[in-house]
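According to TrEMBL, the protein has these features:
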DOMAIN    4-34  domain 'Centromere protein J C-terminal'
DOMAIN    76-103  domain 'Centromere protein J C-terminal'
DOMAIN    111-145  domain 'Centromere protein J C-terminal'
DOMAIN    149-179  domain 'Centromere protein J C-terminal'
Amino acid sequence: EEIQRETAYPDGKVEKVLKNGSHLIFFPNGTWKKVGPDGKTVTITFFNGDVKQVMPDQTVIYYYADTKTTHTTYSDGLEVLQFSNGQIEKHYPDGKKEITFPDQTIKNLFTDGQEESIFPDGTVVRVQRDGSKTIEFSNGQRELHTSQFKRREYPDGTVKTVYMNGQQETKYVSGRVRVKDKDGNIIMDTKL
């Protein structure tokens with residue numbers, strides 16, 4: 001673009017004012033800054049290859065050249081990080097985080113310490129603050145993991161529980177209950 005005016009400063013900085021109203025400022029270390037004609041759009045290209053853009057709505061986009069990562073901060077406080085491997089993280093103003101992994105698994109981290117992961121096959125895993133975990137499989141099965149037991153619920157109503165001591169209990173929809181010891185020996189079976 002056509003230069004309207006050029007000024008060299010004693011510190012080595014050079015400023016060029018373009019006819020369209022943009023300002024280009026070159027620093028001795030190789031960093032340069034462009035201020036758009038509106039005075040609100042600013043792009044700084046750092047000597048290390050990083051680029052910072054400030055948009056008129058105060059959105060800040062920072063590109064880290066070494067890691068090929070883009071960090072966008074919106075005026076409402078939402079921050080979005082985009083990594084070179086395809087991972088995307090959203091950090092919300094309320095503290096919630098949402099991570100989308102390259103395989104499209106989505107993990108939500110809530111401010112109260114709970115977590116939720118949604119896998120591409122439809123499986124959903126929820127982890128509570130106490131460490132207990134609920135897994136909902138796409139085939140309709142559901143699992144609950146606590147410090148005392150692991151329980152699987154089947155779509156037909158069957159519920160199988162494995163306790164930490166190894167004992168297993170299976171409750172069938174018919175009302176039948178079968179209990180096995182840690183070695184798999186049946187210690188109770190109420191066949192109806």
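In case you wondered, yes, glycine gets a Cβ from its N, Cα and C as well.
Just so you know, TrEMBL annotations are computer predictions that nobody has curated.
From a predicted model like this one, the values you see are computed outputs, not experimental measurements.
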Handout entry: For the domain 'Centromere protein J C-terminal' (111-145), residues assigned helix / strand / coil by DSSP
Key = 0 helix, 16 strand, 19 coil
Practice task
List the helix, strand and coil residue totals of the domain 'Centromere protein J C-terminal' (4-34) as derived from DSSP.
Solution key: 0 helix, 17 strand, 14 coil
Practice task
Grab the same-chain neighbours of the domain 'Centromere protein J C-terminal' (111-145) for me: Cβ-Cβ under 8 Å, and only residues 6 or more beyond its ends, written as numbers and ranges.
Solution key: 94-96, 103-105, 151-155
Handout entry: Overall pLDDT for the domain 'Centromere protein J C-terminal' (149-179), taken as the rounded mean
Key = 95
